[in-house]
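Q: Shown below is the structure under consideration.
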Amino acid sequence: PKLQVMGLCASASAEGHDEGDATDVANYKILLLGSGGSGKSTICKQITLMYGSGFSKSETEIHTTVIRSNTIGYMQKLLEESERLSEEEEEGKDPSVYTIPEDLRPNMERVMSISRYSDTDHLTEEIAADIAKLWESAPIKAIFQRKGVTLDDNTAYFLDKVNVLGEKNYLASQDDILRNRTRTSGVTLTKFSFNSTPMTLVDVGGQRGERKKWARGIKGCTSVLFIAAISSYDQKIEEDLKTNRITEGLALFEDVCKLPQLEGKSIIVFFNKHDIFLEKIKTIPLTVCEDLKDYTGPPTDPDKAIAHIQEKFFARAGGREIISHVTCAVDSENVRKIFEGVMDKILEETLKGGGLI
Ligand SMILES: Nc1nc2c(ncn2[C@@H]2O[C@H](COP(=O)(O)OP(=O)(O)O)[C@@H](O)[C@H]2O)c(=O)[nH]1
Ligand SMILES: [Mg+2]
C-alpha cells in the first residue's frame, strides 16, 4: 500500500493535562513504554524529524549546551575511574595501566576543576583540546574498554568529536541531537499525521519513579510501542545499580502485557540498539545476564543471540501476538522504514476491527 505521509508535528510537555481519552477516536494514540535509556525519546525525536519540521532553533540550542557539558562529564567520569583504579589492586593487573602520566596531569587537572553543576558553558577550545588529548591516551582508552564502567552509550561518539564540540560556533547537528541523552520526566506528546490520520506518540518516561504516570497514558491509547535495548544485557539499571537491564525489561514487559486496559490493543516491540549489540556480542557473551544464562548457541553469533532474547520476551507476553522489529533508533532510515511498516499494519488492523471508523 502506498503511504502518503503528511502533516505537522509538535512536541509538547503535557504535565498536568489529561490529553485525550477513550472517546477521542480521531486521535490515534501510541503509548511508548520500556525501561529508562531504552530509546523512547530517541524514537520521538525521529518522528519529529520525519513528519515535522525538524528540531527548532531553541531546541537545538538547548541540545548544544547539554552536549557540551555532558562531554566534559564523560571525561571527568573516566578520569575519576582512573584515580580509583590506580589505587586499587585488580585481578593481578598492574594498576599503572590506568594511571594518567605526568605530562598529561595539567590537562587532567583543568578538566577536573570544572564544576558539573554550573550553568556556564565550560567547553572552551582549550578544554576541548585537553579532553581530546586525554581521550587519545592509553590509560583512558584502557579504562573505556574495561568492563564494568557505566558510561552513556554514546560516550565515544561525542568524545571522538570533542574538538568540533569545542568550536565557538558549534551547533548540534541532527545526529548529535539523536545521540544526546536528555533525561525527561513528565509526559511528552509528539503529534504528527500519518496517512492523513492524526496521531500522538505519548512518552511517559520509563524509569521506576515515573511509572505511576503510566495510568494516564494508558487511558485511551490505541497501541503500545514497547522498546527494549538488546545491547543492555551486561548493564545494570540506573535506579538501583543492581538489577540487570534485560531482567528489568522482561519484568516490565510482562506487566505491560498483563494490563487489562491493553486487552485487544496491539503491542509492538522494538528490539533496539542493534548497532551497539553487534559490537558488544563480539566480546561479551549473552550469558552474563542471569535471564539469558540458558543460551547455548554460538557465543558471538548476533542473529542467534538476538533470537534468544526475543524468545524470552515473547514467553512473557501471556499468549498475546506481538509485532516486533530489531531497530537502531539513531538511524533515521532504519526507523522510517520500520515505523511506516508498523503503522501501516496496525492502521489496517484497526480499520478491519472497526476501531477507527
Ligand atoms: N547507538 C545507539 N544509541 C541509541 C539507540 N537508541 C537510543 N540510543 C541512545 O541511548 C540513549 C538513551 O536513549 P533515550 O531515547 O533517551 O532513552 P529513553 O530513556 O527510553 O527515552 C541516548 O543517548 C540515545 O541517543 C540505538 O539504537 N543506537
Ligand atoms: Mg526519555
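Cβ coordinates come from backbone N, Cα and C, glycine included.
Automatic prediction, not curation, is the source of TrEMBL annotations.
Straight from TrEMBL, here's the annotation block:
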BINDING   S41, T184  Mg(2+) binding site
BINDING   178-184, 203-207, 272-275, A329  GTP binding site
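Each of the listed features needs to be described in terms of its position in the shown structure.
A: Taken residue by residue with DSSP, S41 (Mg(2+) binding site) is part of a helix. Taking a C-beta cut-off of under 8 angstroms and a sequence separation of 6 or more, S41 (Mg(2+) binding site) has the following same-chain neighbours: T182, T184, T188, D203.
In this view, L178 (GTP binding site) is surrounded by 21 other Cβ atoms within 10 Å of its Cβ, with every protein chain counted.
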Q: In the structure shown, which of the binding-site residues T184, N272 has the fewest other Cβ atoms within 10 Å?
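A: T184, out of the binding-site residues T184, N272, has the fewest neighbouring Cβ atoms within 10 Å.
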Q: Out of the binding-site residues I have (S41, L178, R181, T184, N272, D275), which ones have their Cβ sitting under 6 Å from ligand 2?
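A: Only S41, T184 meet the Cβ criterion.
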